[in-house]
Amino acid sequence: MSQSLELGFLASTAAITMPSAVLTSIDDDIGPNAAYAWMTTSQVVAVAIFSPLAGRLSDIFGRRNFILFGGLLGMIGSIISATAHRVEVVIGGGIFLGTASAFQQLVWAGIGEIIPRKYRGMVTALIEACVFPAGAFGPIIANSIVATTTWRWIYWIIFIIATVSVALVFLFYRPRNQYIREEGKTTLEEVWDLDWIGFPLYAGGLLLFLLGITFGGNQLAWKSAGTICMIIIGAVLLVAFGLFEAYYDQIFPLFPPAIMRKVRGFAVVLVGTFLFGTLYYSTAVLWPVQIEALYTQNLIDVGWYASTLGIAGMIFGPIIGFVFTYFGHARILYTFAVGLATIAAGCMAIVTPDSRIASSVLVGIMGVSISWGMAIAGAMCQLAVSHEYLGLAANLAVTMRNIGGAVGTVIYMSIFSNRFKSNMMIDVAMPLLKSGVPPASITSVIAALTKKTPESILTTLKPEQFVIGVNGIKDAYVHALRVVYLVSIAFGVLATICAAFTMDVDHLLTNEIDIILDEGAMVTQGLTDTGEGHVIYREEQEAHHHRTPHKDSAQDKGVQVRHY
């Protein structure tokens, strides 16, 4: 059964790791389009928006149908992208793939709830290891496909994996009593009790904020009205969402106060995960740039270097899961992982054109730290909440990492671009002028060296001038990369502080199992409801409907009121 869920997660991982390694190749074929990076960015944004909703719905109505829905969306997104003849269409396919990923990542809760709670750290790490082909070798596989056939096969492979996953989930995954039911209400009536105000506030606010910081400095100027309006309106909507969730009583809030008020056990872990994701993306985003600019431009070699991050994490992740399961001390392990990643990211500032071995080792350490830290954080989030919030808790950990990554990407790329442009004058233009290159030709020579224009003008340079130009370009990259890696230390320090203030969960590592599965393969769903799931009785429903933010008359009458 677990293999069916893991295949869906493998498909969602491949959908981001493989295309992101060959974005320029896709753009060269069906572009050019200045927004080509959105072919994968659209996935990240969609995951961040829909992951909490996917987790919440799966807690209330059961995970099976939503996992199947995610698989079908993944199949549709793969077909759209594989058959696209414009970059805009691939971006549209990415939205489908990202939304699918939000539901496919229910694997964390789906597997976590059927094993004893004390093994969740190990299982979380093993789930990461199960996506080894895409997580570790995605870049090399993608570059090999582009080198030997067409990039479209990347999406067809994702389609095949998603299709097999849907079939296996349909046949074998039938969790028993996995729901929250309101006594006396139909499923449609329960739908009306969902958070119909909170989710639009959250989705609209997050979308506008991410679009604002992404477009700023790229498609739009940072000072433009469009950028400023998107960021401000997005931030206001997110603040309004937080206030609404905290003070408006409802049966099924999107972010239940019952778990958000677990400060050290849950909220601080999420903040740490956000900052950890921001730290991680300094390497995840710029390592491929560093490889091609300084070490090699051979597609296969680029793929192998880029795989360093994933290979190290996938190998050592299960080991860390084993250590956590049998020795505990999650807070110490989490703090050490974040601290180690911070040191590795800062040490990446040693970058030079000859640092390929040292930089690769540091990237490997970063991969180990990320796999280690995210596995522990995911387990801590799951252990901190009761079963009726498990899907939301697991998906929120993914959401915060993605949001942190999106914010980090914008910050790092903005710093890198600005530094690189200013370095071009010092490291390239001035040395070329001193070597005798005519001032009128400098701009054209630099454009040719960075492959933005045809390279014919380079034939007019003397051999020593060409070497000066090539080395100057590398120096400009080196100096820009160093600044970014040093800036990332700040996020790492904050993340380490958050990790140190989380609550230990050793006392929660019990033999308790939340649900069981019906055994065997069945075409129909079978008997998966024995009446033993979470039930909200009529008295509790009435208590919610009569509460006010200031006085809980229902509680005064002795009725226990819970947020689901």
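Don't overthink the numbers, they just go from 1 along the chain as shown.
Cβ atoms are placed via backbone N, Cα and C, with glycine included.
Record features, source TrEMBL:
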- 1-453: domain 'Major facilitator superfamily (MFS) profile' (DOMAIN)
- 541-564: region 'Disordered' (REGION)
- 34-54: transmembrane segment (TRANSMEM)
- 90-111: transmembrane segment (TRANSMEM)
- 123-147: transmembrane segment (TRANSMEM)
- 153-173: transmembrane segment (TRANSMEM)
- 194-215: transmembrane segment (TRANSMEM)
- 221-244: transmembrane segment (TRANSMEM)
- 265-282: transmembrane segment (TRANSMEM)
- 302-325: transmembrane segment (TRANSMEM)
- 332-351: transmembrane segment (TRANSMEM)
- 357-377: transmembrane segment (TRANSMEM)
- 389-415: transmembrane segment (TRANSMEM)
- 483-503: transmembrane segment (TRANSMEM)
Outside the transmembrane segment (221-244), six or more residues from its ends: residues with CB under 8 Å to it: 197-198, 201-202, 204-213, 215
Mean of pLDDT values spanning the domain 'Major facilitator superfamily (MFS) profile' (1-453): 89
Stretch of maximal Cβ-Cβ contact with the transmembrane segment (332-351) [cut-off: under 8 Å; candidates 90-111, 153-173, 302-325, 389-415, 483-503]: 483-503
Whether the transmembrane segment (34-54) meets the transmembrane segment (389-415): three or more C-beta pairs under 8 angstroms: yes
Spatial neighbours of the transmembrane segment (123-147) far in sequence, C-beta under 8 Å, 6+ residues away: 6, 9-10, 13-14, 17-19, 21-22, 25, 107-108, 111-112, 115, 153-154, 288, 299-300, 302-304, 306-307, 310-311, 313-315, 317-322, 324, 371, 374-376, 378-379, 382
Stretch contact, the transmembrane segment (265-282) with the transmembrane segment (483-503), Cβ-Cβ under 8 Å, 3+ pairs: yes
Chain residues outside the transmembrane segment (153-173) and at least six past its termini with a C-beta under 8 angstroms from it: 1, 3-5, 7-8, 10-11, 14-15, 18-19, 22, 64, 67-68, 71-72, 74-75, 78-79, 81-82, 93, 97, 100, 104, 110, 142, 145, 517, 521-523
Criterion met for the transmembrane segment (302-325) and the transmembrane segment (194-215) (at least three Cβ pairs under 8 Å): no
Residue numbers, six or more beyond the limits of the transmembrane segment (90-111), whose CB comes under 8 Å of its CB atoms: 2, 5-6, 8-9, 11-12, 15-16, 19, 26, 30, 35, 38-47, 49-51, 53-55, 58-59, 63, 66-67, 69-74, 76-82, 84, 123-124, 127, 155, 158, 162, 165, 173, 175, 378, 382, 390-391, 393-395, 397-398
